[in-house]
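Reading through the structure tokens given below for one structure.
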Amino acid sequence: MPESRLQRLANLKIGTPQQLRRTSIIGTIGPKTNSCEAITALRKAGLNIIRLNFSHGSYEFHQSVIENAVKSEQQFPGRPLAIALDTKGPEIRTGRTLNDQDLYIPVDHQMIFTTDASFANTSNDKIMYIDYANLTKVIVPGRFIYVDDGILSFKVLQIIDESNLRVQAVNSGYIASHKGVNLPNTDVDLPPLSAKDMKDLQFGVRNGIHIVFASFIRTSEDVLSIRKALGSEGQDIKIISKIENQQGLDNFDEILEVTDGVMIARGDLGIEILAPEVLAIQKKLIAKCNLAGKPVICATQMLDSMTHNPRPTRAEVSDVGNAVLDGADCVMLSGETAKGDYPVNAVNIMAATALIAESTIAHLALYDDLRDATPKPTSTTETVAAAATAAILEQDGKAIVVLSTTGNTARLLSKYRPSCPIILVTRHARTARIAHLYRGVFPFLYEPKRLDDWGEDVHRRLKFGVEMARSFGMVDNGDTVVSIQGFKGGVGHSNTLRISTVGQEF
């Protein structure tokens, strides 16, 4: 009988585990962290993926982040990081208030929401511009409109005409210029990409970004539209679909079919859906991604108090840990690293929390669940990945070394959540960067030229992988390692599994 989760928890040894963290950390770079020195410090603390938030900042700013990231990379030879572009997406916002003043709105206050653009720069507490032309066509009396992440709620009283509706404030608060607007339980018909998004994606392609975090994805067609917009030059960019509204939830299965991965963006999701339900939604979506073998990111307010405080709340630590236990491949920091006072400390706390959470996982029981739930027959590569995970569990192996061109084998290995690190050896920098999306994968760039002797070339790459694992304290002489490689060069031939002993074969 495999060790159950309950048995695993009852027998836990409390303290810092003697292993490396497998959950990746994504950090948003903002004005406080946009320097080579700051990015290097974040990487040393545990950062794996840089996020560029295109809801803020100029092209010049984002260009400088990319340049600083490239400079920082030189201090980590063979360990490239990934850069992700987070689109602004099809958001709805209020207009600019008169003189940019913050408008106080008392409870029960009635006012007009208008789509008349003549009020776009002169909104006041009597009439407020909303930049969604079809607002009066999609909403009905009795529905609610949330402003500024739900800080202010309004009930729709009357549709006056095609441009105006009357609302009543449910609570008191302030409205400032250009605040976000949410329409819960209302199907909006915004295009998946705005003109700004198109320009931003073109910027990303030109500057070699590796991942797109696509905001407010509602259908599979939205994902395909982004893929088309990236064009042939951006065909290798991975698309991570952000699920942050009811439409995205309703169409999740079709989105998962076509996307490269998923981000659970709990901020906007928690506005449109009851906050307690987000807990269950997070677990459900992560499980679906795990079963599909696609990476999933948990994001929003994970260590939010550390924006201004040196220590997180206990609830925040539990939130990070539970996201890891739910099965997230990556956890993400937003304002904590973009504008916070303690960015490096936030990454350190997140890394330490993820590491301890990982030590509580009952890997054999988890592997059995994943294997049993996977439809059969599986592809050759996935069959080998599952067999490698089983071999590690049965032989108490310390590492899996995989030689890969595209990283697909490493992704499938990650799906089965082996109890050891996955050492990815690749000659392709983009493959190494993208691998940070997959839990447990440690990518290493192998730069020597390919030998004419295929067998010798394979041996040298495997030896390199074992040496890298040894240098990071993952393996030592006498340890068992499992390796996966192809019987010939090229893509899609990972079909050979080998069990070796460190210090003998390598």
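Glycine is no exception: its Cβ is also placed from the backbone N, Cα and C atoms.
Swiss-Prot names Asn53, Phe54, Ser55, His56, Lys179 as ATP ligands; from the candidate set Arg21, Arg93, Arg143, the record adds Arg93 to that same site.
Among the candidates Thr16, Thr23, Thr33, Thr300, the residue that Swiss-Prot annotates alongside Arg51, Gly267, Asp268 as binding substrate is Thr300. Asp268 (substrate binding site) sits 5 Å from Glu244 (Mg(2+) binding site), taking the C-alpha atoms as the reference points. Within the set of binding-site residues (Asp86, Glu244, Asp268), the lowest number of other Cβ atoms found within 10 Å of a Cβ is recorded at Asp268. Cβ-based crowding with a 10 Å cutoff singles out Arg51 as the top-ranked of the binding-site residues Arg51, Arg93, Lys179. Comparing Cα positions, Arg51 (substrate binding site) lies closest to Thr87 out of the recorded positions Thr87, Arg93, Lys242, Glu244.
When the recorded positions Ser24, Ser55 are compared by the number of other CB atoms within 10 angstroms of each CB, Ser55 has the fewest.
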